[in-house]
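Swiss-Prot has this to say about the protein:
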type    : residues                               : note
DOMAIN  : 2-237                                  : domain 'ABC transporter'
BINDING : G37, H38, N39, G40, S41, G42, K43, S44 : ATP binding site
Amino acid sequence: MIKVSDVCFSYTNNMDQLVLKNINVVFEKGKYYAILGHNGSGKSTFSKILSGIFKPQKGSIEVDGVLLNKENLTKIRKKIGIIFQNPDNQFVGATVEDDIAFSLENINEDPKKMSQIIANLAAKVQMESYLDREPQFLSGGQKQRVAIASVLALNPEIIIFDEITSMLDPRGKYDVVKILDDLRKDKTKTLISITHNMNEAILADEIIVFANGGIIAQGDPKLILNDKNIIEKAKIDSPFIYKISSALKLVSPTYDENELLEQLWKLKQKTS
């Protein structure tokens, strides 16, 4: 369990310029959470605080009752896996197999057993046929699936997905969201997804909505995403709009998805 209490953060150490303001939230073990919000809402900064990359000026974070601070940082980080928007910096091996194996370096098994473990992890993300491929030559969606397999190899209790589908084409998004859905069903890990992707968010047990550095709503995804007031305050796209934009981009990949979403959002506001 992760308990966040009265967390405030400023990049300038100025409490009058807070990016996050009095954040209070509890993440229960085995649940899947989606954190939604517009650009600049504070959600990505929050993910870096959860993973120990940033330290808040005020408030505290506890992981299974242990305070996240300088003394406990190494211990807690072993419980947390994080996958970033661009996975290229996470690749350390010449092949997909090497990358997954690197995360298993502390496991003492005979080579045959290790090969089976790696194959099983690759199969979880539908990459078992790519073990001998070089990561840099994979598609964006395939790279993210390899990054997920490498994090799963570490067997963390908590996995943070930081905007992992935002740079992917519709097919890549679909493949990665399918993996997230499979992980969600497992119920053995706490999953926290920082996302703009409605298809990710709707799968969550709970959605947490950020706006202007604070949490403005938390609860059941269907209730949250069907609440017009929350959608407008958070400046996020409704699932209906996202589905239309994804469908149009499949038909014509040259569409600018962000521009398309903006136009569809304006159209929906006029017809609501």
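Every residue, even glycine, has its Cβ placed from backbone N, Cα and C.
Taking the binding-site residues H38, K43 in turn and counting surrounding C-beta atoms within 10 angstroms, the largest count is reached at K43.
When the binding-site residues N39, S41, S44 are compared by the number of other CB atoms within 10 angstroms of each CB, N39 has the fewest. Counting every protein chain shown, 25 other Cβ atoms lie within 10 Å of the Cβ of G37 (ATP binding site). The ATP site is defined by G37, H38, N39, G40, S41, G42, K43, S44, and by the 8 Å test on Cβ atoms against their centroid, the other residues of the chain that qualify are T45, F210, A211.
Secondary structure from DSSP puts G37 (ATP binding site) in a beta strand.
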